[in-house]
Amino acid sequence: MIESLINIILFTMLAATSLAVVRLHNLFAITMLFGVYSLLSAVIFVELDAVDVAFTEAAVGAGISTMLILSTLVITGHHEKNPKHGPWLPLVVVILTGAVLAWGTLDMPLFGSLDNPIHQHVAPRYIQDSPEEIGIPNMVTSVLASYRGYDTMGEVVVVFAALIGVLALIGINEKKCAKRQYSSDERPPRPVLQVMSKLLIPYIMLFALYVQFHGDFGPGGGFQAGVIFAAAIILYTLTFSLDDAFDLISPRVLRPLAAIGVLIYGGTGIVTMLLGGTFLNYSVLAGDPKSGQHYGILAIEFGVGLTVATVMMLIFYAFVSRGEKGKVE
Amino acid sequence: MALIVDALSWALLIAGVVLGITGAIGTIRFPDFYTRVHASSVTDTLCALCIIAGLILQAGFTLVTVKLVFILLFLWYTSPVATHALVRAAHHMGLPPYLSNNASADAQKGKS
Amino acid sequence: MMFGFSCLALLVVMGVALVRAFAGPSVYDRILAVNMFGTKTVLFLAVFGFFTGRPDFLDIALVYALINFIGVIAVLRFVESVTHTGTGAD
């Protein structure tokens, strides 16, 4: 009873948030509401028992993507342009598309029923065999990193490709930002924030490491850990300045590290091939297949974490340096 | 013993929730930004303390308790600083505070 | 039982914070409301773990307690860098 009430309230808030996003015109406010939307989705995922997804949604959707969009708004301008055409044609298109989608769901099996294809296909095998084959308590990690290692490798490559795209289009403006008096003249210093972020950042990084290496046992893993680690550096960039962040971790160091993360992932696959297994079959990494799986998962999760963390930092650097350069000129 | 612990955590949870609702009413009813900050930030820390203390009483001495303590510490640490930064930014950007010399006009607005 | 009621009450607080976030009027009001929504969500997630009887998933609440703060600082910093003067109203 209470549970369904909670569900109803959460979905109502979700719908209200999306309506408010449509109504508002200040893009900063809209971005914040998108963060709220992601957070509400994360809560709903927790309710549906999908804690790993919820973790990713809270860290990526509500966290890092909000910050990246905000840093983009500084470059592009923060007020919505008035559309030149009337609202009727888009409304008709949206209603038609929605009707077609709703009509399509009529053929789908009932939500949560046991004979759904998703419950019949490979899921029973994963659930039954993963304790013997892989032996880590969090099955999501064993599916993500071992059974579906190819998919995850593809995802990491996508993240890396996004970085290449951003660097090719915008690039990181390292030289122009090296103006010291800019931060002290135009902007008031932020002593409280600087002191407290200095105290907080080590704990954020420690928590990121916990998420990275605890992914075998609880929710978490390379993606979430990488994002949290990048968030620590982003906090440093925000409270100090971009120059200080460049001094802390230079883009020159980060760029190779992003590639090395992908290489670690692929390299693990090559090593398993050299040891006589198939690509990304970690069982051959040690005498005991289970420990082999453990080593393999640790290695590729490290690669994922490295790539995600460095890519997020570099994209943030790129957007912020572009924004500040625009202001200098 | 278990009954006392249960009663205590009931009381703490209710206190926390009441504080939270008080702050929420304040953010709706108060007339301008600075007073709203006052309503939400003052209740925030004690609300977090009460709720998390109530949960800790239920959790006993486990890893869950450690995590709850960390959540409390992070909230205590971040939310006053966030409020500080927010008010400072608003003040610096020239958001006018609600002062007594324009109080009468706004009070009438509030009544109507 | 008591966890269920606390969950519902926290949801009410979240809803009221959302109303303030929708109403504004200045961008700072919205930031305040979103921040309040975030902290109450952290508390909600913590209580909800106990409500469902599996309080092991507090990591999400923990991560959001950190992310929420960084988000608020980010919004402030970027709003500050685009609006130089004015009331901040949108």
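Every residue gets a Cβ built from N, Cα and C, even glycine.
Annotations in TrEMBL come from automatic prediction, not curation.
Mean predicted confidence for the domain 'MrpA C-terminal/MbhD' (A:13-73): the pLDDT average there is 89. Per TrEMBL, the feature domain 'MrpA C-terminal/MbhD' maps to A:13-73.
The domain 'MrpA C-terminal/MbhE' annotation in TrEMBL covers A:106-170.
Taken from TrEMBL, the feature domain 'Na+/H+ antiporter MnhB subunit-related protein' applies to A:192-313.
Feature annotation from TrEMBL assigns transmembrane segment to A:6-22 (among others). Below 8 angstroms of C-beta separation, residues 30, 33-34, 36-37, 40-41, 43-44, 47 of the same chain, each at least six residues beyond the ends of the transmembrane segment (A:6-22), sit close to that stretch.
With a threshold of 8 Å between CB atoms, the same-chain residues lying at least 6 positions outside the transmembrane segment (A:27-46) that come near it are 7, 10-11, 13-14, 17-18, 20-21, 53-55, 57-58, 61-63, 65-66, 69-70, 73, 77-80. Sequence annotations record features per position, and here TrEMBL assigns transmembrane segment to A:27-46 (among others).
Residues annotated as transmembrane segment in TrEMBL: A:58-76 (among others). Beyond its flanks by at least six residues, the transmembrane segment (A:58-76) meets 27-28, 31-32, 34-36, 38-39, 41-42, 223-224, 227-228, 230-231, 234, 312, 315-316, 319-320, 322-323, 326 of its own chain at Cβ-Cβ distances under 8 Å.
Feature annotation from TrEMBL assigns transmembrane segment to A:88-106 (among others).
What TrEMBL records for A:152-172 (among others) is transmembrane segment.
As annotated by TrEMBL, transmembrane segment applies to A:192-211 (among others). When Cβ-Cβ distances below 8 Å are used as the criterion, the transmembrane segment (A:192-211) is approached by residues 55, 220-221, 224-226, 228-229, 231-232, 235-236, 239-240, 309 of the same chain, each at least six residues removed from its ends.
Sequence-distant contacts of the transmembrane segment (A:223-242) (same chain, at least 6 residues past either end, Cβ-Cβ under 8 Å): 55-56, 59-60, 63-64, 67, 155, 177, 182-183, 190, 193-194, 197, 200-201, 204-205, 207-209, 211-212, 215, 248-249, 304-313, 316-317, 320-321, 324. Under the heading transmembrane segment, TrEMBL lists A:223-242 (among others).
A Cβ distance under 8 Å defines the sequence-distant neighbours of the transmembrane segment (A:254-275), meaning residues of its chain 6+ beyond its ends; these are 149, 152-153, 156-157, 160, 163, 167, 281-282, 284-285, 296, 299-300, 302-308, 310-311, 313-314, 317. Among the features that TrEMBL reports, transmembrane segment is placed at A:254-275 (among others).
Annotated transmembrane segment per TrEMBL: A:295-320 (among others), in sequence order. For the transmembrane segment (A:295-320), same-chain residues at least 6 beyond its ends with a Cβ under 8 Å from one of its own Cβ atoms are 64, 67-68, 71-72, 74-75, 134, 136, 141-142, 145-146, 149, 152-153, 156, 159-160, 162-163, 166-167, 170-172, 208, 212-213, 215-216, 221-223, 225-227, 229-230, 233-234, 237, 242, 245-246, 249, 251, 254-255, 257-258, 260-265, 268, 272, 280, 282, 285-286.
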